[in-house]
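> Dropping the structure in here first, questions after.
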Amino acid sequence: MTEDRMLHSRWIEVDLDAVAHNVSQVREFLGEGVRLLAVVKSDAYGHGIVPVARTALAKGASMLGVTHPEEGMSLREAGITAPILVFRPLLPGEEEAVLRYGLTPSVSSLEQAVRLADAGRRYGKRVPVHLKVETGMGRTGLKPAALKDAAAELFSLAELEWEGIYTHFASAAGDPSFTRHQFRVFQDVVRHLAERGVVFSLRHVCNSAAALLYPEMHLEMVRVGTLLYGQLPAGVPQNSLELAGTWSFWARVLHLQRVQKGDTVGYGRTHKVRRDTLLAVIPVGYSDGFGIDVSPRPVGMGDLIKVMGKIVLNYLGFPVGTGYVIINGASAPVVGRIGMELSCVDVGKIPGVEVGTPVLLQARRTVIRASVPRVYRGEMLPEGSGFQKAPLGDTQM
């Protein structure tokens, strides 16, 4: 077996052709005249930032979006020359690296704008920036009143090129009235600035959910992440987009252990075996991100009931979420506490399980640690790219 098809004990498998398909679907949905910013933050949602960025650009994305400057720097070092927007405010001292790597920063305060202008002056260049307006998300950006007070000084900074302006919706799928309120506030800000002679070539407010639900808000550009990775945003009904799955988390059976009724499994002896059965030990645990369920605090009685229902079902032996895996096409429950790097699965009712059998795992994409290998399928991975190809055949369930 060649090195780029080496056998892993656990790995993330990414289908770049599926990513390409999803980008094309979104690109077609947006139509002519609307640019696509492909969001590749958090290592492209756990897929691998460089291969996904290249794929998105090849299929029609005009710009890339990242949270941290280091993410943009890694893209530049990989030879990617497309515009890259950095979403978060810069810390003092980060300006020079952003300029050196040709990244486009977001401006969320007058102080940050002044630091960027000073850096631009030292480097003898104008700095393209996007102004972030806070309209209700409660995080970063200038509030309209603060923007009004700072406008004279802000827009007198000759070293800054005000390329774009944007805001971020707090609940595009869950609260239409508040989303429309945010959009009105944003449009008022844009109009007032235009009256002062400040015009932006790129206005953008839509994330994945808003892009689907509010086509009238597309403006010059939309920022899409979730859709590119084959998922509809929570709360968005099924629509005409035919999205393809892009990501899967796999492991191989390390060991098979016969246990008898009454035996206990794992740390704390929390699981008592109810019948004689066969356990498969797999080489993943909470340090890999397996079994970590990132759940928001329940809002309202409905959310609380959902959370409690999930806990009760798992307790009664009907696993949901990360409480089960797929092996040989069948569902198998995880039993006992998930360890740091090893977990146990009850495969007593599943025929044909052997050491080395692949296991499909349930996990949140963005919590899987970077040391878990990423391997790639599809024609979008060019030969000699330096990225590993997927193992041959045995994960095609």
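Cβ coordinates are placed from backbone N, Cα and C, and glycine is handled just like the others.
Checked TrEMBL, it gives:
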type	residues	note
ACT_SITE	Lys41	active site, proton acceptor
MOD_RES	Lys41	N6-(pyridoxal phosphate)lysine
BINDING	Arg139, Met340	substrate binding site
DOMAIN	246-377	domain 'Alanine racemase C-terminal'
ACT_SITE	Tyr267	active site, proton acceptor
> Quick one: of Lys41, Arg139, which of the recorded positions has the smallest count of other CB atoms within 10 A?
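Fewest other Cβ atoms within 10 Å, among the recorded positions Lys41, Arg139, is found for Arg139.
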> If one measures from the C-alpha of Arg139 (substrate binding site) to the C-alpha of Lys41 (active site, proton acceptor), what distance in angstrom results, rounded to a whole number?
17
> Per DSSP, what is the helix/strand/coil residue tally across the domain 'Alanine racemase C-terminal' (246-377)?
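Helix, strand and coil residues of the domain 'Alanine racemase C-terminal' (246-377) number 28 helix, 43 strand, 61 coil.
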> Taking all residues of the domain 'Alanine racemase C-terminal' (246-377) together, what is their mean pLDDT?
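PLDDT averaged over the stretch: 87.
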> Tally every other Cβ atom lying within 10 Å of the Cβ atom of Tyr267 (active site, proton acceptor).
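Step by step: centre on the Cβ of Tyr267 (active site, proton acceptor), count other Cβ atoms within 10 Å, giving 12.
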> Going along the chain, which residues six or more apart from Met340 (substrate binding site) have their CB under 8 A from its CB?
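Looking at Cβ-Cβ distances below 8 Å from Met340 (substrate binding site), excluding near sequence neighbours, one finds Gly285, Tyr286, Ser287.
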> Measuring Cα to Cα, how far is Tyr267 (active site, proton acceptor) from Lys41 (active site, proton acceptor) in Å?
35
